[in-house]
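Report on the following structure.
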Amino acid sequence: MEGVPGVNHTVPNPKHYDKSIVLDVKPLRSLKPVFPNGNQGPPFVGCPPFGPSSEYSPFYPFGAQQPTQDTPDLNQTQDTPPPSYVPPLRSYRTPTESNGPSSSSATKRGVGRPKGSGNVKKKEKQTAAKETNLDVQVVKRFSADFDSGISAAEREDGNGYLVSSVLTRFDAVRRRLSQVDYAKAATSKAAGILMSNGVRTNMKKRVGTVPGIEVGDIFFSRIEMCLVGLHMQTMAGIDYITSKVGSGEDPLATSIVSAGRYDGDAQDPESLIYSGQGGNADKNGPASDQKLERGNLALEKSLRKGNGVRVIRGEEDAATKTGKIYIYDGLYSISESWVEKGKSGCNTFKYKLVRLPGQPPAFGVWKSVQKWREGLTTRPGLILPDLTSGVESKPVSLVNDVDEERGPAYFTYISSLKYSESFKLTPPANGCSCIGSCSPGDLNCSCIRKNGGDLPYLNGVMLVSRRPMIYECGPTCPCHANCKNKVIQTGLNSCLEVFKTENRGWGLRSWDSIRAGSFICEYAGEVKDKGRLREYQDEDEYAFDTSRVFNSFKWNYEPALVDEDPSDEVPEEFDLPSPVLISAKKFGNVARFMNHSCSPNVFWQPIVCEGNGESVIHIAFFAMRHIPPMAELTYDYGVSATPEAGDGSFLHGKRKCLCGSEQCRGSFG
């Protein structure tokens, strides 16, 4: 199985308008603008990865992270009403008139702001606070006609499918709000929208494991954990329930979040020294002794009773420097507690937690990867530190800690596409004429227009929605190399390794955590004439074929959740002018090592770049969901289409599937 790929609008004064009226306004973005023609740029020629070669002539290519912010406690129990601060998506937005930054973007950065205009960050916080204080009746109007598809019982007790679905729907809404509303509070807004519409699960607090959540799962905000019931507090580090014991009621701890900033916070993957809550100094007074109440009392009672406590470890998100990534490290028992003087001189509760045996490694994997990066230990089974020989912007290691095989069969590493025949896939098209970088909402940019009026990516790193086709700025566009519409052309963003699997040949995984929607790599190889490849396709285990039949799945946001017209929903079915077939048998990149799975964590997306007057198509891979470090990267290879598949049903493939997922269909290819 190894490597088988299978208008005019009057804007009211924002300080004096009726928010309920705004909810009834049809979004401006649903109107169909008349687009002018773009300009054609100069040609671009790519070269082989190791310099000029006599074997083949130069060919044409087959063509910052939302910061995490503190959020209000969105915790709800069964008897708690839904939050009353869900703002709608802005129903109006003024398009820019030039190729430069939009006025709204410039204002956010303080560009052109006169001196003495006040603290920008303070005003932004005040604005965000106003946006979150909508009337309860407005929320009810907004939520009245939406069907979450989740029953009351499923909201109480979930499963793997529900957990995955809720997290996917949340992140899709968060990305959309960030894209259109340019909202810094997109995370809390998205959470408020989903909660008020019943899109959540595992609301029933419980001691022990949570249905559908696996040890090692990662989250990029506390709100995500709240939505799926892992940790129901978005601010407090200790979560607990009240248990009736005899005639009284005692609290029991259910979960803790170790943010990695408290005194004595251990980095041992098998144990943790946790500081109690409360007693911290604030602007209103000095620090004080912690009290044996609330979470502290719950931890003490759990020590006496011996129940397991879920532990979530927080680590810095290297991609943003300001955010955190939370790793669910499984169940711990509280072995002892004591009181000691903290730096402030006040009494602080301390609790030692020990990881229960028999659980898969989670935080331990993070610590191992950290040691490899810092050179403190050698990666076991390392064969080559960089199998790309410097072709990629980041090295890709080759590892085998399973058997004695020293590597895959020889191939030439290339980072993009290579033409072996002279043919065109799509009609010629023109690039944009932007100077500097393409700006969101700039309808003078031809690339923005072709993408429906928005940049398809967030901060130039993350895909917002799947589309029939995405159009990136190409080599002929005058915008600079770090334009936010040139994502797949920037190379690898993650530190990847090719590794030997137990039973599926070579595979691909990442040392880094990968956030949902992040670009991973493109499928590089030789572009083949589909008709000619049929002659020997059965022998080519590295052929990527877009004409195969794939299981459909929903990944995009739901328009109703962001106050958009459902008729404007972006289709997720790909629209290729003709089938694309790429062989990575002789020439290829890391994508050739991605194995098949019937429950994949990666999906592919066709992307067009303009080059030399031609529209050339790339196949790019993006993360379907959050992927923890060292988890294998997989995608659905699909099965070859035959006349018998006319009813749209899935046929059995030619190769036996060993993915091991609950949804395994038994075969692929």
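Here the Cβ of each residue, glycine as well, is placed from N, Cα and C on the backbone.
Features reported for this protein in TrEMBL:
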type     : residues : note
COMPBIAS : 65-79    : compositional bias 'Polar residues'
COMPBIAS : 93-107   : compositional bias 'Polar residues'
DOMAIN   : 208-355  : domain 'YDG'
DOMAIN   : 430-491  : domain 'Pre-SET'
DOMAIN   : 494-638  : domain 'SET'
DOMAIN   : 653-669  : domain 'Post-SET'
REGION   : 56-132   : region 'Disordered'
REGION   : 271-290  : region 'Disordered'
Legend entry - Any contact, the domain 'YDG' (208-355) to the domain 'Post-SET' (653-669), with at least 3 Cβ pairs under 8 A: no
Legend entry - Residues of the domain 'Pre-SET' (430-491) by DSSP state, where helix covers H, G and I: 8 helix, 7 strand, 47 coil
Legend entry - Whole-number mean of pLDDT values that fall within the domain 'Post-SET' (653-669): 83
Legend entry - Composition by DSSP (helix, strand, coil) of residues within the domain 'Post-SET' (653-669): 0 helix, 4 strand, 13 coil
